[in-house]
Structure formats: structure tokens, C-alpha cells
Ligand SMILES: NC(=O)C1=CN([C@@H]2O[C@H](COP(=O)(O)OP(=O)(O)OC[C@H]3O[C@@H](n4cnc5c(N)ncnc54)[C@H](OP(=O)(O)O)[C@@H]3O)[C@@H](O)[C@H]2O)[C@H](O)CC1
Ligand SMILES: [K+]
């Protein structure tokens, strides 16, 4: 995996480049590796397609000259359009080696393939005016659009669009993935993402979510050693049932639902514990065999729900807070600070805004900040889920199935994280395992699945982690 899955910001990427140069490389050598690697990939996936490479003034433009020359030498029909003269030594050198046609913005016409080497990590402001007009004319007229490192107009560290950006078929990341490769809106318009290794081996606190090994239960394990997951239900009973079923299929030894006495278990093995008021709940949750509590799915937001949440937060037990529990907590996340047992919060973007007040442009930074403020592991959901811990570590998940955008899948994730926690006793790891299994189960479930079908595929996803 490119740079071992470590995601680098623009500044970290520059440091990585400096490190390589200090160890005997040079910008032109790196550009050569980046450009020829990208050209190989373009040629392999779409040979003999007439291509227009647009080059900007910086090293992204320099990559463009290398790519164009490499394609020309492979036999492609390729032209370059330059927005400005190269401003770096490496880009000047790369341009001096170009042996093909060079056009001005006004002369250039769209070709079948558009290769965007206008701006990469050095973009500092929106692309504007005449250049933006020609960028759209030339990219819109192409049938295949390839972005080198990043589509022009994307902010590297946040994935925000600084100007209107075309949709791409392929984005070739150079050296390491950057936050924008996995954060929306940028990630959603990049098409396929591939990486070219240029020798960068830099460590970052932000990584791509990877499959983690899951241990099978040991010979001496029993239901309590594998963990008792307690789900606190509210008036929307289906949500608690989905959490419970998902916990059961994700490795919990025992799952109990704490609910009003009229609550019916979703199956024969999930036990319901009748609690008709908060006093009873408090007493029954004191059971020391409980390994983790899930509260939020279907909880409601009335005063009764608030009392249930307060009761759970008074108890020193690990807890997964989801959905309504997060809305009830709101901006009082400091209430979670100082707990001796771990907490995970699993907000979607609306819940995240209620918890954090919003205002941060980077989803990674915002998640890390909320984790630090609350002392909790934060699973900031979306098609670009970010998992952060209070120490500043973050893991970014890749979108695997658009079909996950359906009611009930969040309840399932909360139950899965709880079950993994009772096994691993590490909330950050449990959140990563839960997230990975959730999205893998979604891929395995295929199109248009119901939450129940998603749960049915968790075991197959676990199988891949054994
Ligand atoms: N880091 C590595 O190891 C390697 C990176 N490579 C490639 O290099 C780019 C980053 O190159 P850099 O020169 O830092 O940046 P860019 O090429 O993206 O752009 C910088 C130039 O663009 C000007 N600029 C910035 N924004 C705008 C704008 N909106 N309109 C017009 N001009 C703009 C900027 O000028 P300033 O006025 O801001 O100073 C610069 O002239 C990286 O993405 C890789 O593709 C190499 O491959 C080597 C290894
Ligand atoms: K680019």
C-alpha cells in the first residue's frame, strides 16, 4: 500500500520530499519516478488514446512534461498545453526534455484523454478567470479525465473544492495519499484512485483503514469472557434490536437488551432485561459482568431518554454513544472527560455538528479535535468515515458500498463496535474493526440490501479477518 497507508498533508509531503533529497535523491529524480510511473499506468489502462496534458507552473506541471514525453515515447499522440512558464528548476528541466507539440490555452482543443497536471499540492487559491474557463473547456471536451496527484482546484488537506472541478475517471496519487484522496467532496469526484510509489516512507498520525486480524475465541472462552453487551432501548424498538443482532454476529459472548417490560426480544438468544424506570436501569446495569453499554439507537430525545442517558454516564463502564444519545449530549462533551472507562461516539455529520459546534474545514482535524475535547474515540460517519482517538491518531475509511446510506445501518455499526470492544478491550481498535467489518459486510451483501441482510453478512466479513 502506498506509503504503508500513511496519509500525508501537503506540509508532511514536502517534509517527506526534503527527507528523500537529504538522503541522496533530487526533485527531478522524484519527478521522473512520479511522471514515468503515472505514464505507465495511463498507457496500460488506455493505450493509443489521443491525449492532451495540461501543465501548470509548479512541479505538478513538471510531472506533466515527464508524463507527456513518456507517452510520446510509447507511441501515443500527445500534446501539451501550458498555462504558464515553469517556475521551478525541476519543471524547467522536464520541459526542456519535451520533444512534442506545445500549445497555448487559446490554441488547444480537447482530445479524447485529458491529463490534469495544472496544480497539485501547491494550489494556494481558487483557479480563476481565463485559466478556469479553458480548464473546463478542455476537460469537458474529453472522454477520459485523469488527474495527476490531485484534480486542480482541490484543497489537499481538507478535500474541499476551491473552484468548480470536473469529474475524473482516474486520479493517480504520487508518493502518498493525501487527505483529499479520501475526504469528500474531493474523493467522490476522483474516479478510480491509484498510487505511484516514489520512495516516500513517512509516518503520519493519519492512516487508511486497513483490515485488522480478529482472533477466534480461545478454547477456554465462555460467554462472559467474550463479553456481555448491554443495549439500552428506547421507544423506537427496532433500532435497539438491530444493534443487538449486530453485536451478536460480531463476536459478543452475550447480548442483553435493557428495555420496558413490553419489549420483545428479536430472537431466542438475546435476553431482554425489563427496566420500567431509570432506577431499575441503574440497578441492573450495575451487573459487573457487563463489558460495554450501547445507548442511543431508538432512544428518543425526551426527558425520559435524557434520564436514561444520565444514568448510563454515571456508571463507570465502557460505553458506545450513538444517534439520540449524541443529540442529548450536544455540546456537553466535557461530561465524558476524566472517565476511567473508554467511550466511543459514532456521529453522522448532523450529530457531529451538534457535538462540536462545527467550524472546522478538515474532517480529520475536526474529528481529532472532538476526540481530544471529549476523551472519547470518535467515529465520524459518512461515505468518508474518520475514526479519531484523543491522542491525535486518525484512520480514514474508504467508501465501499453506496448502498450503506440506508436507515438502520448506523444502529448496526454501534452494536458491532461494542461487540468488538468486549473482545479487544481497546476502543480505537474496536472502532476500526467494527467499521471495516461493516463496510466489508456491505460489499458482500451486494446491491440494495436491508439492514437484516447486512447483519447476515457480518460473519463472512469476519471470516476474512481470521
Ligand atoms: N512532493 C513530492 O515529493 C513530489 C511532488 N511532485 C509534484 O509536485 C506537486 C507539488 O508541486 P508544487 O510546485 O509545490 O505545487 P503545484 O505544482 O501544485 O503548484 C504550485 C504553483 O502553482 C501556483 N499556484 C497555486 N495556486 C494557483 C492558482 N490558483 N492560480 C494560479 N497559480 C497558482 C503557485 O504559485 P504561487 O503564486 O502560489 O506561488 C506555484 O507556482 C505535487 O502535487 C506533485 O504533483 C513531483 O512529482 C516531485 C515529487
Ligand atoms: K493535477
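Each Cβ is built from the backbone N, Cα and C atoms, and glycine gets one as well.
As annotated by TrEMBL, domain 'YjeF N-terminal' applies to 13-206.
Taken from TrEMBL, the feature (6S)-NADPHX binding site covers 59-63, 120-126, 149, 239, 298, 348, 411. Classification of residue 124 ((6S)-NADPHX binding site) by DSSP places it in coil, neither helical nor stranded.
Residues or ranges marked as K(+) binding site by TrEMBL: 60, 116, 152. For residue 60 (K(+) binding site), the same-chain residues lying six or more positions away in sequence with a CB closer than 8 A to its CB are 117, 118, 119, 120, 121, 122, 148, 149. The DSSP secondary structure for residue 60 (K(+) binding site) is helix.
If you look up TrEMBL, you'll see 206-465 marked as domain 'YjeF C-terminal'.
Under the heading AMP binding site, TrEMBL lists 381, 382, 383, 384, 385, 410. Spatially close to residue 382 (AMP binding site) yet at least six residues away along the chain are 184, 348, 349, 363, judged by Cβ distances under 8 angstroms. Under the three-state DSSP scheme, residue 382 (AMP binding site) falls in the coil class.
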**Asked** Which one is closest to residue 384 (AMP binding site) in space, judged by CA to CA distance, out of the binding-site residues 116, 124, 152?
**Response** 152
**Prompt:** Quick one: Cα separation, residue 116 (K(+) binding site) versus residue 62 ((6S)-NADPHX binding site), in Å?
**Reply:** 12
**Asked** Of 59, 60, 121, 149, 382, which binding-site residues come close to ligand 1, meaning Cβ under 6 Å from one of its atoms?
**Response** 59, 60, 121, 149
**Prompt:** What binding-site residues among 62, 348, 381, 383, 385 have a C-beta sitting less than 6 Å from any atom of ligand 2?
**Reply:** none
**Asked** Looking only at Cβ atoms, how many others are within 10 Å of the one on residue 149 ((6S)-NADPHX binding site)?
**Response** 28
